[in-house]
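Everything on this sheet refers to the single structure shown next.
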């Protein structure tokens with residue numbers, strides 16, 4: 001097997017798994033002292049630091065991302081945010097992750113390397129390391145990121161634990177990812193292509209949500225009673241949270257922070273901006289319940305926990321018509 | 001959403017992600033004390049127990065398994081063995097795993113639940129727990145298992161570390177999975193269907209390899225100098241191991257243990273049984289290097305480490321014509 005001078009110009013099938021894994025390992029960079037063994041052996045070994053938080057998330061081309069709507073770097077980075085947000089939602093900090101990539105053999109190598117570069121850079125930005133992975137042939141591109149985190153002595157913050165009288169707060173604005181996706185969909189369906197430039201901030205929120213995940217451990221230190229990240233839309237999350245605590249959770253729709261440009265875009269497309277904020281998924285901001293008076297700086301109160309089992313409500317009304325996103329349709 | 005009395009008779013798309021995850025969580029069983037938070041929250045939390053070993057592996061329908069060649073339970077169990085073998089190959093013991101399943105919406109629910117049952121049962125047999133997972137829509141069934149393990153104070157056994165004069169040993173027979181696959185392929189291509197009954201032991205080795213993964217920590221305690229599992233075939237593994245230690249590794253082909261029936265099947269199909277033992281992948285037996293005299297009971301010496309950089313050899317000949325399996329073709 002001769003050394004390939006230009007692997008980036010070839011396909012994954014031409015270059016082969018082993019050569020690609022060598023390129024990936026090089027991109028993962030030097031490991032810190034907390035990684036005993038890194039990428040390239042049977043398994044990675046991470047220095048023990050108390051309890052381990054673990055979560056896995058998969059993104060599939062055509063369903064969770066599109067190469068004509070996002071750059072490969074953004075697709076890789078977004079898969080990291082999606083998985084790391086689950087660590088933050090327990091009050092944890094990212095220590096490292098492993099990634100499995102499936103792709104067709106005809107995938108260009110430079111696309112795969114760019115995806116990996118986005119993934120590695122985002123992992124480093126969040127304070128973690130890429131520990132290893134797997135590369136397989138599959139009918140479409142599919143990315144599974146499994147994140148490991150540490151709690152640094154904090155108790156994990158679960159979905160349950162809300163108390164009547166608690167307040168519900170979010171770490172940032174909601175609906176931006178859904179609005180950005182709506183821009184790209186509208187253009188595909190014939191809308192003015194300048195929409196993407198005029199609302200570029202929202203499109204970027206879809207392509208790469210950038211929640212401040214350090215707010216997860218911060219909320220845990222502030223004694224959050226329950227926490228999750230907003231991956232399926234605020235309404236879906238309060239359904240889950242109310243179910244876990246067997247209490248009611250009521251959201252005040254006007255209080256939910258909306259990102260810049262969202263109201264203007266909604267007016268232009270003739271839709272309700274509040275609906276985006278209530279049901280739009282994939283912002284990955286954190287949603288937590290605190291004792292009254294215990295909400296950390298930077299969080300916005302959006303509702304309250306009510307004596308149960310009243311179930312989840314928005315402006316005191318049931319949420320029946322406000323369901324969010326799921327991977328499969330509901331029966 | 002009404003309670004579905006017969007979800008097993010419907011498709012994944014009809015039943016929906018949330019209902020399925022509820023069924024999966026129920027199947028995962030009660031957690032032990034070493035799991036702080038299990039399936040059903042944003043992330044799982046595992047009690048810290050020193051350094052953490054982590055590895056991820058993906059299996060794709062049509063490429064790594066076929067529903068007409070294996071039962072769903074075997075497919076789930078095999079994905080666990082494949083991932084857990086990487087933990088054992090570092091000297092670790094399985095503590096838990098997370099699984100991501102992608103499948104088309106038209107997948108029957110009972111197939112998915114059977115796959116999950118095989119996965120959970122095999123995880124429990126290996127001493128671990130299913131900690132959580134993800135379920136997404138994808139063009140074909142794809143399973144990613146990420147295993148976590150612990151070292152119980154042992155130093156991890158890497159691919160490097162072999163010394164000249166060391167001996168190479170395996171924990172069990174090789175070539176059985178490849179031979180079993182050859183049986184199923186031969187029948188598909190018109191061979192006598194009774195072949196599968198007459199060589200059922202080999203077919204079972206393909207469907208669900210059952211290496212004794214407790215030999216991994218045992219080898220670590222016996223001061224193994226290097227270790228891996230035989231996933232890509234013995235020749236591929238010695239190429240990797242020789243490269244990692246920058247030494248030669250020579251296998252004595254006649255010494256490699258072959259499972260019952262393998263020679264008889266090879267005679268019937270007119271192929272070389274030794275080639276199956278040298279290049280067949282997916283047996284997941286452990287391959288380790290020990291100081292002379294340090295080989296644990298139950299292991300079979302199959303070769304020696306030679307002063308390098310002689311590279312990998314079989315019966316003192318280069319291995320050029322004996323390459324094993326890879327996910328993508330080599331250039």
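Cβ atoms here come from the backbone N, Cα and C positions, even for glycine.
In the three-state DSSP reading, residue A:86 (Mg(2+) 3 binding site) counts as helix. For residue A:86 (Mg(2+) 3 binding site), applying a Cβ distance below 8 Å and a minimum sequence separation of six or more within one chain yields A:55, A:57, A:147, A:229. Positions annotated as Mg(2+) 3 binding site by TrEMBL: A:42, A:86, A:229.
Taken from TrEMBL, the feature Mg(2+) 4 binding site applies to A:42, A:55, A:86.
In sequence order, A:98, A:99, A:100, A:101 are the residues of the chain that are 6 or more apart from residue A:134 (Mg(2+) 1 binding site) and have a CB within less than 8 Å of its CB. The annotation Mg(2+) 1 binding site is assigned in TrEMBL to A:56, A:57, A:134.
DSSP classifies residue A:57 (Mg(2+) 1 binding site) as strand under the three-state reduction. Around residue A:57 (Mg(2+) 1 binding site), a 10 Å sphere centred on its CB holds 24 further CB atoms from the protein chains shown. According to TrEMBL, the Mg(2+) 2 binding site annotation covers A:57, A:86.
Per TrEMBL, substrate binding site is recorded for A:64, A:282, A:325. Listed in sequence order, the residues of the same chain lying 6 or more apart from residue A:64 (substrate binding site) and placing their CB within less than 8 Å of its CB are A:58.
Other C-beta atoms found within 10 angstroms of the C-beta of residue A:231 (ATP binding site) number 23, with every protein chain shown included. Marked as ATP binding site by TrEMBL: A:133, A:134, A:231.
Feature annotation from TrEMBL assigns Mg(2+) 5 binding site to A:232. Around the Cβ of residue A:232 (Mg(2+) 5 binding site), 22 further Cβ atoms fall within 10 Å across all displayed protein chains.
Helix, strand and coil content of the domain 'PurM-like N-terminal' (A:40-149), in residues and according to DSSP, is 34 helix, 44 strand, 32 coil. According to TrEMBL, the domain 'PurM-like N-terminal' annotation covers A:40-149.
The domain 'PurM-like C-terminal' annotation in TrEMBL covers A:163-306.
For the domain 'PurM-like N-terminal' (A:40-149), the model's pLDDT averages out at 94.
Chain B lies within reach of A:57, taking the binding-site residues A:57, A:232, A:282 and requiring a CB-CB distance under 8 A.
Neighbour counts were taken at the CB atom with a 10 A radius for the binding-site residues A:55, A:56; the maximum falls on A:55. The binding-site residues close to residue A:232 (Mg(2+) 5 binding site), defined as a CA atom within 10 A of its CA, are A:282 out of A:56, A:133, A:282. Minimal Cβ crowding within 10 Å, among the binding-site residues A:42, A:229, is found at A:42. Within 10 Å of the C-beta of residue A:282 (substrate binding site) we count 24 further C-beta atoms, all protein chains included. Candidate binding-site residues: A:42, A:56, A:133, A:231. Nearest to residue A:282 (substrate binding site) by Cα distance: A:231.
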